[in-house]
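Participant: Let me begin by handing over the structure; questions about it come next.
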Amino acid sequence: MKGPKIAIVGSGAVGTSFLYAAMTRALGSEYMIIDINEKAKVGNVFDLQDASSSCPNFGKVVAGEYSQLKDYDFIFISAGRPQKQGGETRLQLLEGNVEIMKSIAKEIKKSGFNGVTLIASNPVDIMSYTYLKVTGFEPNKVIGSGTLLDSARLRYAIATKYQMSSKDVQAYVIGEHGDSSVSIISSAKIAGLSLKHFSKASDIEKEFGEIDQFIRRRAYEIIERKGATFYGIGEASADVAEQILKDTKEVRVVAPLLTGQYGAKDMMFGTPCVLSRKGIEKILEIELSNTEKVALENSIKVLKDNIKLAKL
């Protein structure tokens with residue numbers, strides 16, 4: 001079986017959720033797991049090999065090292081310390097995880113890897129920027145998961161509120177993947193119609209405020225109940241991998257290197273992008289209301305401050 005070769009760095013719940021989702025989509029011919037924890041790495045390889053035996057399209061699963069990455073097409077990085085229970089923010093994770101990401105980036109660069117990297121380690125916008133700076137890879141080939149999951153939560157919440165299918169909802173969360181993210185109401189649509197067609201004009205601001213609070217609380221509530229989030233980001237990231245490896249030119253909300261969009265340069269945060277085998281084919285800039293512009297400016301400031309703290 002010939003096809004793309006996919007590797008993950010970090011075989012925790014997020015990495016293995018991504019890998020299993022990628023396997024069920026039959027995205028690759030070979031899947032390699034890299035992890036500093038040799039015992040966990042091999043255990044996950046065995047478990048996924050058992051799963052693959054029931055479905056020949058799953059591909060081959062192996063344990064590997066950074067030195068083997070040269071001929072791989074796609075890497076998913078989720079390694080790092082996870083958020084602690086009790087309301088720890090993603091940005092509080094920054095200091096330790098920056099050093100972990102620097103180490104990973106150096107090893108991947110040394111391997112000669114020339115494919116696309118998708119990063120989900122938190123705080124993801126800073127981790128993605130760290131990886132890009134250390135590797136010096138082409139910016140279109142370095143992608144953060146950004147507000148991918150936030151946007152999925154927004155679509156789910158809108159669909160649930162108005163009793164519609166989430167497939168018919170077009171709505172985005174942009175900016176930092178964290179507490180300063182910006183839910184875009186001004187351009188949100190269901191089946192091409194603005195939300196005002198589904199809600200009383202007097203209620204829409206209140207209703208959207210409730211939806212916005214739902215998506216902001218969602219991750220913290222999951223972490224408080226089960227310790228971590230992983231199925232949502234794993235599945236959403238596998239979907240991004242599919243759009244890239246199959247060269248679909250479809251739009252997903254990920255974190256590219258900004259080059260002036262929204263007045264932001266040399267930083268990464270969530271915005272809709274066209275995805276292709278190149279990675280980022282095109283960055284799309286959404287038209288914002290004045291309120292949304294102010295909120296995004298605050299999100300950009302938060303990220304700038306944390307880039308300084310990371311000393312990049």
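The backbone N, Cα and C atoms fix where each Cβ goes, and this holds for glycine too.
Checked Swiss-Prot, it gives:
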- HIS177: active site, proton acceptor (ACT_SITE)
- VAL14, ASP35, TYR66, SER103, ALA120, SER121, ASN122, SER145: NAD(+) binding site (BINDING)
- GLN83, ARG90, ASN122, PRO123, VAL124, ASP125, ASP150, SER151, ALA152, ARG153, THR229: substrate binding site (BINDING)
- TYR220: phosphotyrosine (MOD_RES)
Participant: Have a look at the binding-site residues (VAL14, VAL124, ALA152) and report the one with the fewest Cβ neighbours inside 10 Å.
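Facilitator: Selected from the binding-site residues VAL14, VAL124, ALA152 on minimum Cβ neighbours within 10 Å: ALA152.
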Participant: How many other Cβ atoms are found within 10 Å of the Cβ atom of ASN122 (NAD(+) binding site), counting all protein chains shown?
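Facilitator: Within a 10 Å radius of the Cβ of ASN122 (NAD(+) binding site) lie 28 other Cβ atoms.
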Participant: From the binding-site residues ASP150, ALA152, THR229, pick the residue whose C-alpha lies nearest to the C-alpha of ASP35 (NAD(+) binding site).
Facilitator: THR229
Participant: Among the binding-site residues SER103, ALA120, ASP150, report those whose Cα falls within 10 Å of that of the residue listed as 'phosphotyrosine'; none is a fine answer.
Facilitator: none
Participant: Check the Cα-Cα distances from ASP150 (substrate binding site) to the recorded positions TYR66, SER103, ALA120, HIS177 and tell me which is shortest.
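Facilitator: Checking each of TYR66, SER103, ALA120, HIS177 against ASP150 (substrate binding site), the shortest Cα distance is to HIS177.
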Participant: Which of the listed binding-site residues (SER103, SER121, SER145) has the least company, meaning the fewest other Cβ atoms within 10 Å of its Cβ?
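Facilitator: Taking SER103, SER121, SER145 as the binding-site residues, the minimal 10 Å Cβ count falls on SER103.
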Participant: Run through the Cβ atoms and count how many others sit within 10 Å of the one on the residue listed as 'active site, proton acceptor'.
Facilitator: 33
